[in-house]
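Asks: Okay, here's the structure, questions in a sec.
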Amino acid sequence: MSTQATGPSSTSGRRSNSTVRRGPPPSKKPVQSENGSVNGNTSKPNSPPPQPQSQAPSNGERTVKKLRLSKALTIPEGTTVFDACRRMAARRVDACLLTDSSALLSGIVTDKDVATRVIAEGLRPDQTLVSKVMTRNPIFVTSDSLALEALQKMVQGKFRHLPVVENGEVIALLDITKCLYDAISRMEKAAEQGSALAAAVEGVEKQWGSGYSAPYAFIETLRERMFKPALSTIITDNSKVALVAPSDPVSVAAKRMRDLRVNSVIISTGNKISGILTSKDILMRVVAQNLSPELTLVEKVMTPNPECASLETTILDALHTMHDGKFLHLPIIDKDGSAAACVDVLQITHAAISMVENSSGAVNDMANTMMQKFWDSALALEPPDDSDTQSEMSAMMHHSDIGKLSSYPSLGLGNSFSFKFEDLKGRVHRFTSGAENLEELMGIVMQRIGSDNNNVEQRPQIIYEDDEGDKVLITSDSDLVGAVTLARSTGQKVLRLHLDFTESTRSLSSETTQLKKGDSRDRGSGWVSWRGGVVVTGAVVLTSIAIVVYLKRSKN
């Protein structure tokens, strides 16, 4: 399998033979990218990049198309960063592919790019195009490429996302973490049953002959080297850990990520860890919610009391913790409870494999054979039905029965949203309010129209229009949540509300949540405002008076 990389490769080792290395501008420190170029601003080649030529798989070898692939979110490269983040949040993904005016793949942007290239640089997401910060001409694979080779390349290169192309079109996005979780689960289960070791031994014996001495001792050595070492063996004194205070703004956290080239920061109070903030949190909880990184404090959007591991925790236990919790970053504490490091699943897995591959001679060759056997076993694992629709945080909520995960809140899409309504004088008000509290929303509305929120009789009914054109009353917190969820799913930046002050609407039962569709004339009357009610009532009164006068004159 060959891959494409027309821009400079990242310092993480992601490169191909066609890579052209270019030095960064002297005036600006390069920002490491996940896929392809360093700064994401390399020029596009004049001619179309060559399609990667896939190695023909032999019988029995799995291809990329048989891996757990996710449907790729593809947007035009002229989209703003804010809109891209909003769409990623709606899809609960942390990467999207970009296309040019010819609908061809031109780049990829990830949560790390948003944090380190936009927020850390002080750029405004609503005024910055993704084409300015994306990684151009990303490396990709064809759907018939060897799965094992693709996975090993991603682990060695330490990158997560890989576009999958079939017949010249992007069909999916490969997220290595999902495959790693499968591998971890499979290897742990197989190790307990002994089947993986037996299969590996069988493969070694076929290749090296049954006369190889002490295979059991070799296997034990392999297990000792790969699974049993403590995290302290892969964490050096120079390990980078980004620390911020709870009162620091998100912009400061993003700059720490950029400067240390990490994807997360630890929030510490004194010497104790009180939270963690990742680049995905910045995308989902800050940018997608249109919050100001300079004014939003870290403590408002961090994950409090994260699960931690000690330096004595084994590599296997650390992987198991992250696998069970479906999260990607794990803070490491020393014996005093202070933050020693923060590792991600790719770092740990890469370190574990490196321990095996750093062996010498025949031991190294057989170790590689063993690793391939383990990968093959992992690839044969059937994924859960709903795996591709879960994010790392939503999965934790689905596994709420695991007590140690109770400290992690649902990532969600934030607890606020933008609303808009027109008051009695025809003025339009736009504001941000909690997306789960109707009382809070009503209070803001009443304040904007200059009425007393404590006077229930003066409160209007709040109505919105759903995706089918029906007029729906918001009478409870759950109604509000449903309205906001619908707005987000349809890509709306703001939910337009309609206020109804009429007595007929106010007398409706609170259990009534939807008004049926009428004809076009009735549809207009369904949005009757207070002013419209006065006009209609006045017309009825005047008509009645006119009839009375006419009857009196006729009688006379």
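Quick reminder: no glycine exception, Cβ is built from N, Cα and C everywhere.
In case it's useful when we look at the structure, here is the feature table from Swiss-Prot:
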| type | residues | note |
| --- | --- | --- |
| COMPBIAS | 1-20 | compositional bias 'Polar residues' |
| COMPBIAS | 30-44 | compositional bias 'Polar residues' |
| DOMAIN | 68-127 | domain 'CBS 1' |
| DOMAIN | 134-189 | domain 'CBS 2' |
| DOMAIN | 235-294 | domain 'CBS 3' |
| DOMAIN | 302-360 | domain 'CBS 4' |
| DOMAIN | 414-502 | domain 'PB1' |
| MOD_RES | S2 | N-acetylserine |
| REGION | 1-63 | region 'Disordered' |
| TRANSMEM | 527-549 | transmembrane segment |
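Can you tell me where each of these features sits in this structure?
Replies: For the domain 'CBS 1' (68-127), the model gives a mean pLDDT of 91.
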Asks: Which listed stretch (134-189, 235-294, 302-360, 414-502) has the most C-beta pairs under 8 A with the domain 'CBS 1' (68-127)?
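Replies: Between the candidates 134-189, 235-294, 302-360, 414-502, the best contact partner of the domain 'CBS 1' (68-127) is 235-294.
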Asks: Hey, would you say the domain 'CBS 3' (235-294) packs against the domain 'PB1' (414-502), going by three or more CB pairs under 8 A that are 6+ residues apart?
Replies: yes
Asks: For the domain 'CBS 2' (134-189), how many residues does DSSP put in helix, in strand and in coil?
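Replies: Once the DSSP states are binned, the domain 'CBS 2' (134-189) shows 25 helix, 18 strand, 13 coil.
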